[in-house]
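Undergrad: Pulled these features from TrEMBL for this protein:
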SIGNAL    1-23  signal peptide
DOMAIN    35-350  domain 'Glycoside hydrolase 35 catalytic'
ACT_SITE  182  active site, proton donor
ACT_SITE  260  active site, nucleophile
DOMAIN    397-509  domain 'Beta-galactosidase 1-like first all-beta'
DOMAIN    534-589  domain 'Beta-galactosidase galactose-binding'
């Protein structure tokens with residue numbers, strides 16, 4: 001062999017690899033109504049999974065199950081507010097590590113359809129937009145308002161360079177990117193805004209990446225834009241042929257795409273758990289695939305709205321979304337395959353090969369308890385620790401946004417300046433409670449006022465009586481309104497016809513207190529208290545030898561927030577339902593040491609304050625409405641509501 005032959009062969013191999021890398025492409029073949037992947041006809045069968053709803057240690061498990069189900073792509077959003085908590089301060093660590101998730105998808109051999117917004121809906125807090133945008137009260141979200149565009153530009157100049165190396169033609173797995181999200185449902189029709197976004201994507205990502213839009217059938221007119229590939233979304237009950245014919249009015253040539261084929265639906269507090277029948281989902285999917293269309297199933301695995309991250313809808317009244325985002329998806333909230341998954345897999349197998357090997361079985365589940373919760377103390381006792389900086393003073397109450405509080409709770413405090421001998425109504429005009437107010441007189445809970453509900457709450461008191469109103473943000477609107485969703489007391493409360501003034505605002509750092517907990521324990525020993533609400537309760541328990549996910553059940557508890565080992569598991573609202581259990585992933589529990597669970601009960605504590613951990617979820621229950629009637633609807637008229645957006 002000539003001495004230079006090995007080096008010549010090496011050069012040839014390198015050139016071959018380089019030519020293959022250069023050949024990587026994902027394009028629309030309009031002549032034949034199809035996609036081409038590296039020049040070969042291609043159809044994606046994708047599923048939605050949101051990394052921000054799944055603990056990082058479980059990403060690989062969920063993605064593997066999607067691949068084994070027969071999918072060749074995963075679709076997901078990027079929530080801006082999850083990554084930029086304050087202007088110019090970014091967080092891509094831990095479960096926010098976007099590039100780590102892209103790498104996990106690559107390991108599972110899944111292509112990526114990315115939806116970076118800036119607005120995403122997703123039933124997520126404020127549709128993924130950061131609430132600090134509302135510190136400018138005059139901002140017009142999702143429009144060509146210069147203030148909004150400036151914030152978007154700054155964010156995308158950080159985000160898009162991070163994903164640039166992962167674009168398919170750069171050797172990565174991102175084959176397409178959505179611009180905005182169902183913009184046609186926003187009813188603004190600001191094409192200047194959409195053109196600005198398209199130009200921003202092109203400037204930062206180049207011309208090779210496929211950019212697309214997604215809209216419901218009625219949103220295509222305002223949501224589509226020349227130069228962006230239009231796709232549509234619809235569910236199993238819809239007429240596939242009719243909706244795709246509507247899409248053809250905007251994309252006469254090219255592949256048909258359903259970017260959100262609904263496998264289930266979201267849940268609201270106070271309504272039944274949503275389901276979609278497995279046969280209907282399977283039949284609809286088969287109809288789509290028979291037409292040669294590409295499809296993304298929303299959701300394939302829903303996950304959980306941990307903490308305060310759930311969004312809300314506005315359909316004439318306020319509809320906050322539950323902690324569980326199970327979605328009746330093919331992979332359950334706990335990551336288990338369901339009968340729906342196997343039905344979908346069977347349909348896919350008629351059109352393309354399914355990977356060899358069985359799906360992993362359901363993960364182990366555990367039972368524990370009952371455990372008795374002990375009182376740590378009422379919330380007002382810890383005010384110095386919950387708000388160490390002290391209160392903010394104002395003649396009239398300020399909103400969460402005005403005091404730079406994003407989520408959670410704020411306490412409003414004032415004192416009566418005159419004696420009220422006869423029961424007098426406390427009320428807030430113009431539906432100005434956003435979203436739920438726990439009213440206390442001298443530390444005693446007197447009642448609750450709630451957004452979109454009309455209650456009568458009558459108070460009495462002497463001069464100097466302390467009036468506390470604990471305001472809970474139940475999640476900013478993620479769909480269904482063109483209005484900014486400010487939180488807190490949006491109008492000054494009235495006692496009778498007298499405007500209450502002289503307010504102190506305490507933005508509460510509840511999560512920090514629960515995480516460190518030392519002051520709470522010291523006060524518990526120093527000042528034993530009689531039970532009153534809102535109050536903290538806690539219990540310790542070992543999980544030694546107990547390996548498995550579990551579901552926290554709170555029988556008899558009313559409403560509040562729960563933490564396990566300092567991790568904010570989310571809201572419970574046992575008395576309203578439908579969700580009765582909260583998913584507890586096994587990685588949150590300490591197997592070799594003592595675990596701690598903490599509740600902040602806001603309304604009423606059961607006579608026997610116990611909790612249990614179950615091995616099965618309870619997501620549908622009898623509903624219990626404790627308050628009088630809706631402003632716009634009589635009680636009892638609630639029906640499941642269909643929304644077009646995510």
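Cβ atoms here come from the backbone N, Cα and C positions, even for glycine.
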Undergrad: Roughly how many Å separate the Cα of residue 182 (active site, proton donor) from that of the residue listed as 'active site, nucleophile', to the nearest whole number?
TA: 11
Undergrad: Which whole-number mean pLDDT does the model give the domain 'Glycoside hydrolase 35 catalytic' (35-350)?
TA: 98
Undergrad: Is it possible to get the count of other C-beta atoms within 10 angstroms of the C-beta of residue 260 (active site, nucleophile)?
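TA: I count 25 other Cβ atoms within 10 Å of it.
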Undergrad: Of the residues in the domain 'Beta-galactosidase 1-like first all-beta' (397-509), how many are helix, strand and coil by DSSP?
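TA: Each residue of the domain 'Beta-galactosidase 1-like first all-beta' (397-509) counted once, the result is 3 helix, 58 strand, 52 coil.
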Undergrad: In the domain 'Beta-galactosidase galactose-binding' (534-589), how many residues does DSSP put in helix, strand and coil?
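TA: Secondary-structure breakdown of the domain 'Beta-galactosidase galactose-binding' (534-589): 3 helix, 28 strand, 25 coil.
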Undergrad: If you count Cβ atoms within 10 Å of the Cβ of residue 182 (active site, proton donor), leaving out that atom itself, what do you get?
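TA: Result for residue 182 (active site, proton donor): 25 other Cβ atoms within 10 Å.
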